[in-house]
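Student: Pasting a structure here, questions to come.
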Amino acid sequence: MNMKALAMCMMVLAIVSVTALGISSDENAVSGNAQCGGRRKCGGGLCCSRYGFCGLGGDYCGVGCQNGPCYRTANVVENAVPGNAQCGGRRKCGGGLCCSRYGFCGLGGDYCGVGCQNGPCYRTASIISDQMM
């Protein structure tokens with residue numbers, strides 16, 4: 001292998017490594033499950049939990065989320081129903097809760113994941129759900 005090819009391989013490897021680690025161009029960004037908070041933000045579209053860790057889901061993007069694509073916590077919705085009440089069709093969950101595929105209000109994968117009917121449903125889960133049907 002000549003030096004030019006070796007240099008090219010090393011450059012490609014460096015780019016792939018940076019991409020795989022989720023390193024952002026933001027100087028204050030940190031990668032998945034690293035510590036965050038204050039001026040330190042999570043990279044790769046992750047949320048910073050109230051405890052200062054990066055990730056996705058209710059534990060990171062729910063109550064106390066410091067930055068990133070946090071769930072909305074206050075939604076005034078006509079026809080809103082309280083937490084763990086029945087929802088679906090025209091009945092929507094209030095307070096930023098998701099309506100599960102079984103028709104109950106709440107947060108987390110069981111409510112906002114695959115089959116989520118309304119509320120701050122996980123984007124990837126709805127894409128997967130649509131592809132499976």
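Cβ coordinates are placed from backbone N, Cα and C, and glycine is handled just like the others.
In TrEMBL, annotation is done automatically, which means it is predicted and not curated.
Marked as disulfide bond by TrEMBL: C42-C54, C47-C61, C93-C105, C98-C112. Per TrEMBL, the feature domain 'Chitin-binding type-1' maps to 33-72, 84-123. Per TrEMBL, the feature signal peptide maps to 1-20.
Explain the structural surroundings of these features, please.
Tutor: There are 31 other Cβ atoms within 10 Å of the Cβ belonging to C42 (disulfide bond).
A sphere of 10 angstroms centred on the C-beta of C47 (disulfide bond) encloses 25 other C-beta atoms.
Other Cβ atoms within 10 Å of the Cβ of C105 (disulfide bond), summed over all protein chains shown, number 25.
C112 (disulfide bond): 26 other CB atoms within 10 A of its CB, across all protein chains.
Here the domain 'Chitin-binding type-1' (84-123) has, by DSSP, the following mix of helix, strand and coil residues: 5 helix, 11 strand, 24 coil.
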Student: Could you give me three numbers for the domain 'Chitin-binding type-1' (33-72), the DSSP helix, strand and coil residue counts?
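Tutor: DSSP classes over the domain 'Chitin-binding type-1' (33-72) add up to 4 helix, 11 strand, 25 coil.
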Student: Spatially speaking, which of the disulfide-bonded residues C42, C54, C98, C105 is closest to C61 (disulfide bond)? Use C-alpha to C-alpha, please.
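Tutor: Minimum Cα distance from C61 (disulfide bond) across C42, C54, C98, C105 lands on C54.
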